[in-house]
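Annotated features in TrEMBL:
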ACT_SITE  GLU450  active site
BINDING   HIS449, HIS454, GLU507  Zn(2+) binding site
Amino acid sequence: MVDSQYYLPNDIGVSALDCGEAFRLLSPQEKMYAHYLSRASWYGGLAVLLQTSPESGNIFVLLQKIFRKQAPEQLEQVATAAGLSSEEYQAFLVYVAGLYANMGNYKSFGDTKFIPNLPKEKLGALVKASQAFQDQPAEMEALWDSCSCRLYSLEDKQKQLGLGDKGITTYFSGNCGLEDAELAQKFLDSKKLPAYNTRLFKRNNGGKDCYEVRLASAVQKDSAVEGECESCCGTFNFEDKEFTVKRGDYAPLMEKVCLNLQAAEAYAANENQRKMLEEYRRSFTSGSVEAHKEGSRYWIKDKGPIVESYIGFIESYRDPFGSRGEFEGFVAVVNKAMSERFAKLVSSAEVLLPELPWPREFEKDTFLKPDFTSLDVLTFAGSGIPAGINIPNYDDIRQSEGFKNVSLGNVLAVAYSTQKEKLTFLEEEDKDVFIKWKCPSFEVQVGLHELLGHGSGKLLIQDDQGKFNFDKSKVINPETGEPVSSWYRGSETWDSKFSTIASSYEECRAECVGLYLCLNKQVLSIFGYDGQDAEDVVYVNWLSMVRAGLLGLEFYTPESKSWRQAHMQARFVILRVLLEAGEGLVGLEEVTGQDGKPDARITVDRSKIHTVGKNAIHRFLCKLQVLKATADVEGGRALYDGYSTVCDSGAHNFFRLRETVLLRKEARKMFVQANTKVNGDSVELVEYEGSAAGLIRSFTERFQDDSEQLEANILELSKLDANCWC
């Protein structure tokens with residue numbers, strides 16, 4: 001039997017994201033606006049298939065064709081006749097739901113491959129017995145043959161996403177390694193081209209390495225386009241290598257995104273929204289990140305919209321080098337009651353920021369008060385749905401112009417509810433208080449993490465003209481007592497400098513800010529907690545973080561000594577820091593479970609959180625910020641890689657604990673999202689049941705109008721690069 005981490009269990013949690021009430025309260029104009037933004041998001045989200053693995057696009061099309069002809073309950077009769085047991089058919093449905101929910105055959109949270117939990121020959125028999133196969137046998141046979149081997153393959157390199165021999169990635173051609181990624185980053189920096197919407201393809205031409213940088217855009221011509229004084233495209237020599245910059249990656253999908261953004265413009269509530277959509281369209285048409293940044297500026301100015309959204313190549317977690325963004329688009333409706341609490345937190349930010357453990361010179365000159373809202377998600381297209389977001393990710397905008405924070409309320413309500421019998425690694429007496437306060441404490445943590453974690457901290461910069469944003473003669477590094485000796489220069493950014501560790505390091509910094517500031521009584525009162533309730537919220541927040549650090553071991557790959565998930569690596573680092581603090585603050589021991597199998601217990605001493613715990617996070621957080629601010633890559637890597645190391649020596653055998661975590665892991669929940677449909681002058685919300693079958697139905701109905709053309713486009717895009725992954 002295959003290791004259980006490579007398939008999804010039949011009893012995996014599948015929940016419907018409830019946004020019915022929020023949607024009903026929208027005006028007809030707001031519903032139209034939300035509809036077209038959702039369509040743009042869903043079409044763009046299909047690019048994630050091509051950003052994930054060589055086979056994801058073909059598998060998606062195969063499944064869409066099967067379920068467009070026969071709904072899950074109809075196909076069940078075919079499955080039975082083809083010799084599948086009810087458990088095997090359920091395993092197939094779970095796999096399909098997983099592929100849709102992750103937008104590819106690698107887990108969005110953890111980056112490991114998952115395969116169907118039924119024999120390949122049984123799945124092949126079901127495919128060949130389906131109505132889709134009966135109607136188009138040659139086409140369906142070719143489609144099955146094109147992806148069936150990789151669909152099941154668990155060769156070492158294909159077990160997880162990674163660069164070179166560490167895994168599979170479609171951000172880079174298969175012959176690229178870390179040195180190619182580093183060289184490409186230097187080239188992009190020299191051309192002032194951000195990597196967010198690019199992919200890199202390497203080929204050999206007469207013994208010389210040549211690189212193709214491909215920009216995501218609807219337009220495929222390489223001459224200057226509207227809004228550009230000269231084309232960024234062309235062929236350039238850089239460090240004795242040839243680089244060609246081209247447009248047109250995901251072109252048919254970007255075209256669909258642009259058409260729907262244009263339709264949404266007619267229903268925009270104000271000029272900021274109109275300008276924002278105009279710039280987004282310019283970005284997705286031409287591949288200009290500058291246009292997307294301009295759209296993000298209008299988005300920041302659009303304060304307190306009823307319908308909130310963001311779209312583009314945003315999070316860089318899954319690029320093994322840490323610079324390229326995965327496509328993401330969300331549309332959500334403001335939850336006014338919870339948003340009032342977050343607004344109070346924003347109002348208190350200027351009082352709370354000085355509480356953070358670094359000198360004033362390492363904090364932004366002025367805190368740019370952002371929007372901070374709680375949203376009920378209508379649409380979230382991409383590889384997974386987070387609980388909270390701080391965007392845009394452009395540091396130059398975040399540092400000097402502002403940002404927004406969102407907490408996704410209906411996601412929080414579903415994703416972090418816990419059943420007592422499934423709660424692992426805690427003492428029995430901790431379980432009830434954990435279940436009662438897990439969601440409330442996480443709400444506090446998300447608020448602090450997004451607003452004051454990602455929203456805090458200055459980067460010390462010298463621009464292209466040689467101008468500094470700090471006084472070089474006066475700013476002292478608190479870690480060394482000496483004047484600062486390093487900073488960011490010119491077009492260098494946090495992501496380009498810290499590359500492979502940037503995402504996880506920043507998540508760790510934001511998590512530490514949440515842990516540190518949740519000890520503040522003013523923060524707790526903003527969220528409505530005082531007395532014993534406040535103490536319980538603090539306790540569960542710290543206990544939850546420590547437990548998450550242990551659970552994080554699931555996302556570590558011993559063979560390549562690499563982490564596959566930024567947040568979980570961050571939480572493991574925090575666990576290590578708190579264990580190192582000693583004095584009985586955190587306990588972690590290996591035990592034997594009631595079932596006679598290996599188990600573990602984690603404890604936190606309540607009485608030491610405000611003293612030993614606070615001091616440990618104070619010291620660590622200051623180091624993280626100072627190293628980040630001063631662009632000290634060497635020091636930052638040494639610190640972060642040191643705490644990220646998983647070993648079997650010392651007080652804890654983390655290799656053995658990892659086996660225990662894998663033995664007792666619970667699969668991450670999947671979400672079923674509604675669709676919107678224009679019906680005359682109104683928009684109808686189509687909701688689905690919270691099950692694998694419901695999730696499948698939502699996807700087959702999502703692209704009904706142009707499914708055949710869309711599927712042909714995806715297959716063509718997959719075929720175009722098929723020889724690049726060998």
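The backbone N, Cα and C atoms fix where each Cβ goes, glycine too.
Sequence-distant neighbours of HIS449 (Zn(2+) binding site) (same chain, 6+ residues apart, CB-CB distance under 8 A): GLY388, ASN390, ALA510, GLU511, VAL513, GLY514. A Cβ within 8 Å of the Cβ centre of HIS449, HIS454, GLU507, the residues given for Zn(2+), is found for these other residues of the same chain: ASN390, GLU450, GLY453, GLU506, ARG509, ALA510, GLU511, VAL513, GLY514. Taking the Cβ of GLU450 (active site) as centre and 10 Å as the limit, one finds 28 other Cβ atoms among all the protein chains shown. In sequence order, ASN390, ARG398, PHE403, ASN405, GLU506, ALA510 are the residues of the chain that are 6 or more apart from HIS454 (Zn(2+) binding site) and have a CB within less than 8 Å of its CB.
In the shown protein chains, 22 other C-beta atoms lie within 10 A of the C-beta of GLU507 (Zn(2+) binding site).
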